[in-house]
Structure formats: structure tokens, C-alpha cells
Amino acid sequence: MVALALQGRRVIVGVGGGIAAYKACELVRELGRAGAQVRVAMTEAAKQFVTPLTFQALSGHPVLTDYFDPAQEGNFGHLDLARWAELYVVAPVTADLLARIRAGMGNDAVTTSLLAFRGPVLLAPAMNVAMWENERTQENVAALRAEPRFQFVGPGAGMLACGDVGAGRLAEVGAIVAAAASLFAPGPLAGRHVLITAGPTREYLDPVRFISNPSTGKMGLALAEAARGMGAKVTVVLGPVGAVERSGYEVVDVVSAEDMAREVLARVDEVDCFIASAAVSDWKPETRAAQKVKKSEGPEALTLVRTPDVLAEASRRVSGREKRPVLVGFAAETQRVVEYARDKLERKGLDAIVANDVTAPGAGFGVDTNQVTVLTRDGKQRELSGTKREVARSILGLIQELLPPRP
Ligand code: CTP
């Protein structure tokens with residue numbers, strides 16, 4: 001699929017000056033292996049990390065490094081490069097390069113050719129976690145993300161080259177190639193908008209204490225990635241899960257069940273499918289103290305009240321409409337899995353429910369694998385297992401069958 005989508009495509013790889021520049025070598029090779037024609041442009045700083053000769057050898061073409069060099073410009077300069085390409089991939093995008101791209105500057109071979117380029121741009125950031133989290137950087141990311149022409153892949157989280165831990169790692173080369181391919185392949189969900197809730201919610205009882213659960217959002221984010229890979233526009237309403245890869249889809253961060261309900265209800269009318277994979281807290285403390293509650297001797301009682309059921313409210317809101325989204329719920333059970341899940345499907349007015357036995361080995365919170373039973377309204381039942389990514393793709397495949405044909 002990746003190879004087919006990239007076969008014969010003309011791709012520029014713009015290399016920024018960060019330690020991850022060495023991974024751009026692998027990227028150029030993998031794009032070439034997938035059948036793309038690749039040309040490389042480098043920033044001044046990138047040359048400090050990898051020589052242009054390396055990229056010339058890997059791409060089989062001269063590398064644009066200096067737009068003042070008459071030899072380079074006369075041969076295949078920044079304007080020719082921009083006119084030639086169908087896709088521009090920038091990897092790694094450093095904080096500085098990101099700022100310059102956002103500002104529309106043209107002061108090296110990458111930014112000049114990018115400014116002259118009219119097609120889709122895939123940005124793969126890599127930098128120190130503090131630089132990534134810097135307000136200015138995040139403003140630049142948000143501004144570029146808001147433009148449909150710019151897509152992000154990564155950064156991933158983990159141990160960084162500088163020794164810090166957090167978000168800032170260049171996305172895996174395979175993920176960058178897949179993201180590039182998805183920009184060419186229309187995909188079976190092209191033109192569809194999928195809304196997903198993921199992660200836990202937090203219900204605060206005072207400024208420092210809350211009720212929550214151990215959901216990591218992995219399943220929901222795997223669904224988001226799979227839906228994006230199939231060409232859908234994706235919005236994830238995400239509870240607090242810490243640093244995670246947010247590549248190529250919109251993420252709306254929320255904290256409580258009420259926040260999640262508000263953000264979902266504001267969008268559910270417009271989407272083709274709503275998948276509720278979040279582990280929403282069913283209760284919240286009746287009151288939230290403005291200040292930290294001081295402990296006292298003896299037992300303490302906490303009164304809990306119900307939170308909104310995000311999925312049930314969304315279902316009620318769209319029920320009876322002529323054009324309503326396909327509604328998919330999750331059911332985490334510890335016993336009588338299918339029976340309880342079927343009951344939830346009926347009660348919440350769903351089209352499908354993904355049931356899993358969270359006590360089974362290799363399923364449930366935090367692990368990378370899952371084993372689920374998908375029940376549909378027509379009474380069918382299907383078993384799926386594998387990595388959360390594989391299961392996500394299979395679930396999206398089933399959802400695709402439930403979507404009404406395109407007008
Ligand atoms: N859900 C939701 N909002 C809530 C509770 C649940 O959107 N406040 C969604 C979950 O995302 C999931 C589905 O509803 O898709 C099932 O959630 P679950 O808590 O397992 O089911 P309940 O109907 O709450 O039943 P019970 O707690 O009795 O198992």
C-alpha cells in the first residue's frame with residue numbers, strides 16, 4: 001500500500017540541523033525503496049551533522065544546499081525543485097526551522113524552496129523536550145497545524161539524544177514514510193470525519209486530588225492513527241495522558257467528563273462516525289474545594305455524584321436524525337462480556353460496541369495488545385486480536401462497512 005502510493009512520486013526531503021539529521025539518511029533511502037523520486041535540500045546547520053555528499057549518494061542527485069551558488073541554482077535551483085515536487089517532507093524540523101517556516105522566511109535552501117512550493121508539506125519535528133514544549137514553539141506548531149496544507153508526523157516521546165526524557169524524538173522513519181504515502185493515497189475513509197474520545201478523565205476534589213483510572217489512551221490513539229491512515233479527517237478529544245504522538249490529526253485536550261461531553265457535543269453533529277474509547281470516570285466529587293483540603297484525624301466521607309455519559313448524550317442528541325454518525329462504544333468488562341456489552345449497545349443506541357475482557361492476559365489498560373469482540377446492531381459478533389494498532393485497523397474496517405454510501 002505504502003509502495004503503491006509512493007511509486008513514481010516526486011518528493012523533496014528538506015533536512016534541518018539537528019542530531020536527528022542522520023535519520024534523514026534512512027528516510028531518503030526508504031522513500032526511494034518505496035518507489036519515490038527523492039531530491040534533498042539542506043539547511044546550513046544540517047551540513048554540520050551530515051555531509052551533502054551522503055544525501056547525494058543516497059538520492060542519486062545533487063543536493064541543494066546553497067541558493068546563492070550559481071552552479072547549483074543554474075542546474076536545478078530552489079524554484080525548479082519547488083516546481084518539480086509533489087510533496088515536501090521536512091525532517092528533522094528543529095525549533096528554529098519551524099519558526100522560520102511559520103514566519104515565511106527564506107534564508108536557506110530548505111526555506112526558499114519550501115516558500116516556492118505550493119503542494120502538501122509533511123513536517124517531522126525533532127528537538128529537546130523543553131524546546132518542543134516552549135510556548136513559542138507550540139504557537140508555531142498550532143499556527144501551521146491550522147493550515148490544511150501542513151501535516152505533522154511526531155514527535156514521539158522517549159529518551160532524547162540530549163539525555164532528557166519526553167516529547168521531541170523524530171517520528172520513526174516508517175511512520176514518516178507511511179504519513180507521506182497517506183497524503184497520496186485517497187484511502188477508503190477519504191472525505192469522512194471521525195471523532196474519537198480517548199484516555200481517562202480526572203474529577204478533582206480539590207486543586208491537588210482527583211478521581212481517575214489508569215487508561216493511557218493507547219487504544220483511542222491507535223484508532224486515530226488507523227483512521228488517519230485510511231484517509232479520514234480525525235479529531236481526538238483526549239483526557240490527560242501525558243506526552244503522546246499526535247501526528248496528523250486534531251487533538252482537543254480535556255480534563256473532566258464534563259469537558260469531554262462539551263467538546264464532543266459541539267462536534268458530533270458534523271461527523272460521520274463517533275467512537276467512544278475513553279475511560280470516562282462515572283462519578284465525580286459532589287463539591288470541589290477551592291483550596292487544598294487539610295487532613296484531619298479519623299475517617300473522611302466523600303459524596304460522589306454521576307458525571308455525564310458522553311456517549312449516551314451524544315447518541316440521544318443525534319437519534320432520529322436522517323443523517324446521523326455511526327456510533328461505536330467500548331465496553332470494558334470483567335465477566336459475562338458479550339451479554340453486558342450487547343446490553344450497553346442497546347441501552348446507548350449504538351451501531352457497534354467493542355467489548356473486551358480486561359482481566360484477559362494481553363488486554364486492557366496500558367498494554368500494547370488487545371483482544372476484543374465487536375458486536376454490531378444486526379446481531380453479528382466478530383473476534384479481533386493483535387497489537388492495538390492491528391486491532392484498530394480491523395475495527396475501522398468494520399466501521400467502514402457500517403458507513404452509509406457517499407452521496
Ligand atoms: N462512556 C462515556 N461516558 C461515561 C461513561 C462511559 O462516554 N460517563 C462510554 C465509554 O467511552 C464506552 C462506553 O460508554 O464507550 C461504555 O462505558 P462503560 O463505563 O463500560 O459502561 P457503562 O454504560 O457506564 O456501564 P457499567 O459502568 O455499568 O459497566
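Positions of Cβ are set from backbone N, Cα and C atoms, glycine also.
Annotated CTP binding in TrEMBL involves K292, P308, D309, V310, L311, F330, K344, K348 plus, out of the candidates D282, D368, the residue D282. Each of the recorded positions C162, V310 was ranked by the number of other C-beta atoms within 10 Å, and first place falls to V310.
When Cβ neighbours within 10 Å are tallied across all protein chains shown, the highest count among the binding-site residues P308, F330 belongs to F330. Classification of D282 (CTP binding site) by DSSP places it in coil, neither helical nor stranded.
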